[in-house]
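Report on the structure given below.
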Ligand code: ZN
């Protein structure tokens, strides 16, 4: 039996009040409803785990695979540390902030903190996000929140497909209506809600806010800083590195033609096909890669070929 295979994963869908139908329209996923907000594509988080689709581990949950076969990942982390999602913001998401590992460890039962990043897959004309805030001190932050001066406090940035945003813990942020993103984040589900546009649910209730914790963890001052990214070219492949730090490395791979990949670095990789389609070939096997496919290349899977015209977001810890 050939154990050296790519690990294809079955996503888990999450319904959200701000969700829509674009995960079906853009990726042909069978979504559970017209308010599908999230596709947890590569996840070992207990709130929604990916299941292996193929090969000797078919049917296993990613978290179980991680525990039972550490040799596939060669990681120092006790739990699968990352979570890759697609999000369809059909309406504005609530404005929020996440804690770092130290704060979450103390206040959230040992959860990880949440540093995340977004690749904008699709954006309607005029779409924007909230990224950062304009307060210069904690006193000013508290005052602007208490007075509800959200337009003075929150930094709004227009977005288009192909943009990338690094969102470290402590950054006040929100996706705006009409944006679809691929999110790479720490495997955490801890969110402190700052502002929900005073929206009421069908029973007339406001959603809970977590202002005290949010003010505790917000980085001050924090303003948006535009990133610039390097792209390196090889035969059939252009690789753009968006971020590489202690939490994760995230790259965009543009394949056009045939690209020969040689590994060497002993790291597993998480890959998501976000546009186009192609084929992965290795060890005499070939695997179709339609748009919307998510898979892991385990450690040791380091000599392969990608062919076609496709775009992938590739990450590792
Ligand atoms: Zn977030």
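Even glycines carry a Cβ here, placed using N, Cα and C.
These numbers come from a predicted model, not from an experiment.
Record features, source TrEMBL:
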ACT_SITE  193  active site
BINDING   98, 116, 173  Zn(2+) binding site
DOMAIN    8-109  domain 'Phosphomannose isomerase type I catalytic'
DOMAIN    239-315  domain 'Mannose-6-phosphate isomerase cupin'
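Where TrEMBL records a feature, it is marked here on the structure.
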{"residue": "98", "record": "Zn(2+) binding site", "Cβ contacts under 8 Å, 6 or more apart": "104, 113, 114, 115, 116, 169, 170, 171, 188, 190, 191, 192, 217"}
{"residue": "173", "record": "Zn(2+) binding site", "Cβ contacts under 8 Å, 6 or more apart": "95, 96, 97, 129, 130, 131, 132, 167"}
{"residue": "193", "record": "active site", "Cβ contacts under 8 Å, 6 or more apart": "94, 95, 96, 207, 208, 209, 210, 214"}
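Excluding the listed site residues 98, 116, 173, the same chain places 96, 97, 114, 115, 167, 168, 169, 171, 185, 191 with Cβ atoms within 8 Å of the centre of the Zn(2+) site Cβ atoms. Mapped onto three states, the DSSP output places residue 116 (Zn(2+) binding site) in strand. The average pLDDT computed over the domain 'Phosphomannose isomerase type I catalytic' (8-109) stands at 95. Around the Cβ of residue 116 (Zn(2+) binding site), a 10 Å sphere holds 22 further Cβ atoms from the protein chains shown. The residue listed as 'active site' carries a strand DSSP state (E or B). Across the range of the domain 'Mannose-6-phosphate isomerase cupin' (239-315), the DSSP-based residue counts are 0 helix, 56 strand, 21 coil.
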